[in-house]
DNA sequence: ATAGGGTTAG
């Protein structure tokens, strides 16, 4: 046992001394320090210095004027930084008259440890302005920060500095640069750098191989792998793992599993990282049989208790929809392991067992178990993917109260929830978070922000986020195109579609869905046909059902109903409910009874329990005053026990999302809302407006119809918004069904009468109302 | 006194 003297006392170990510190309290400790100030550095160097000790020592150093001692202050700086007290660390850094390389390095490393790469780079540039040059230890760290963001621009600048400062032959520096180029998606520059190296070690080879695998370049990765072996380097497990995880990452799951089999045949010993990766691939392939084989291999190898493997097994069975096997693995595991618990929460949610997932999470939270950021992210993702958007927001708040900080995965999991219910303020708060924690340049965060702002009606902010992204992928391009399409901006969607291709990004199935649906919002049939035909002819992508559905909508909305119907008859697949639904809703727009009945007949067979189809057909009949047929459809619905989905709208007022139901009789402000709507109705009638009774399904008398229209949830939400926000304040409403024609007219009137900008998002698209005009130009 | 590159749950 080591022992040492401090303050005239003999201590056996540091915890003993820590105890003494706690007992001694500040005065006693300061007294001891005073007498033996030469020992303070020794004490601060010990491994178990807590934050309170750091503060105590800091106080002492300030009091005694020792703060001029650069060694001491740098040590303090590092202690603060490693306790993630960046405010204190910065204060100290700024108080040092001539900070040196050590001071900056400490802070940069600490920021990088937390993945706060933006902050790392800021401190780095601060260091450069002090005229201090990095050493061979600092360069790899800063390059890694560029890769982590990722920022190709900063990475290239750094590469320049490295070249002129003569560090480019350092193996660590080289590997970090190579990794940076790969992370930024610049395979060619990475390979050029690789070619220029005189010495290549295992790490460099592995990095490049993993890079190629990650980008789905199977052949290049394999060639490199064999070249590496020809060069006399044996792959030690990391190279194999790099390939397997790389293939996984680019969605080449069968390549990943066959690589694992090869590795096994060649006699290499897989480690827990290998098994975890291959199990993840097996899960994505839903290859239950192979899963069982690897499971038994794991047991044979005695790797069963490995924590990573347990959660990978749970994950694999979850992906294979084998919830029974999944629970078995969990029940046999050490149930106090967070990894296993997280995998279970995700597995349950993935299989639609949302309530079980929530219940499991709550149970784990009640135990001694320390839930981590992955646990919270999993449950937040579960909620935002399953329509529990309010719960997702609430859990995010609860997580922060527990002292956990969101990261670059949490934010993109939360943002869809904000978008779904148009909680703009919550979305903006999440955006601020991402800037503060330095992840706003992350491509997943960026794409999720684009989507969130678009769904919240702020497409100009989507464009701003898009412009600011240092790196974009297919998802980012699709997100901005989907945003413009949703806002009915066909021109912008098409421009983006072409700009994407100019940038070298190839479109996929979703890109075409976006551009086709944009065309359908504006009735651009020629353009629609052009893109539809170019799919297979120019891009080698075969149109799927959803593209046919888009074309049916496009033709149908534009009034070319017969053309739409003949397209359905010609299509190479059996038309599904989406395709017939597109035809039926177009028939509703143009009130075409004949084709509407045909479409409805197919839909009643395909999805007999969807009330929406019956409502549409009945609307078509009602528009032609065919009340007997309306009754017949209503009787069909009644006999099957089906009811119209209740209309529901949301509006964010004072940072809170409010939900209003059609004909809501319980709302606390119901009286004021109805009064407001009645007043507006009087004004509207004065200006020559009459309610459009076509949009009322029932054959009731005129006054009742007026009342039913007044009860539409989007009108209630707008009245609620008018009552609870200052005049001139824009209103944003979302609705769970399509906006009704009468509401459309009324909202146009309100926008001019009240002088408000009003946007309404329905299931299909956005309507922006201003000065009595709607952005859809009444084509929808 | 600070500290380095490749693989690693959501």
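Using N, Cα and C of the backbone, Cβ positions are placed for all residues, glycine too.
According to TrEMBL:
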- A:688-780: domain 'DYW' (DOMAIN)
- A:100-134: repeat 'PPR' (REPEAT)
- A:201-235: repeat 'PPR' (REPEAT)
- A:236-270: repeat 'PPR' (REPEAT)
- A:337-371: repeat 'PPR' (REPEAT)
- A:372-406: repeat 'PPR' (REPEAT)
- A:473-507: repeat 'PPR' (REPEAT)
Remote residues contacting the repeat 'PPR' (A:337-371) - C-beta distance under 8 A, at least 6 residues beyond either end: 307-308, 310-312, 314-315, 317-319, 321, 323, 326-327, 330, 378-379, 381-383, 385-386, 388, 391, 402, 404
Confidence summary (mean pLDDT) of the repeat 'PPR' (A:473-507): 94
Helix, strand and coil counts within the repeat 'PPR' (A:337-371) (DSSP): 26 helix, 0 strand, 9 coil
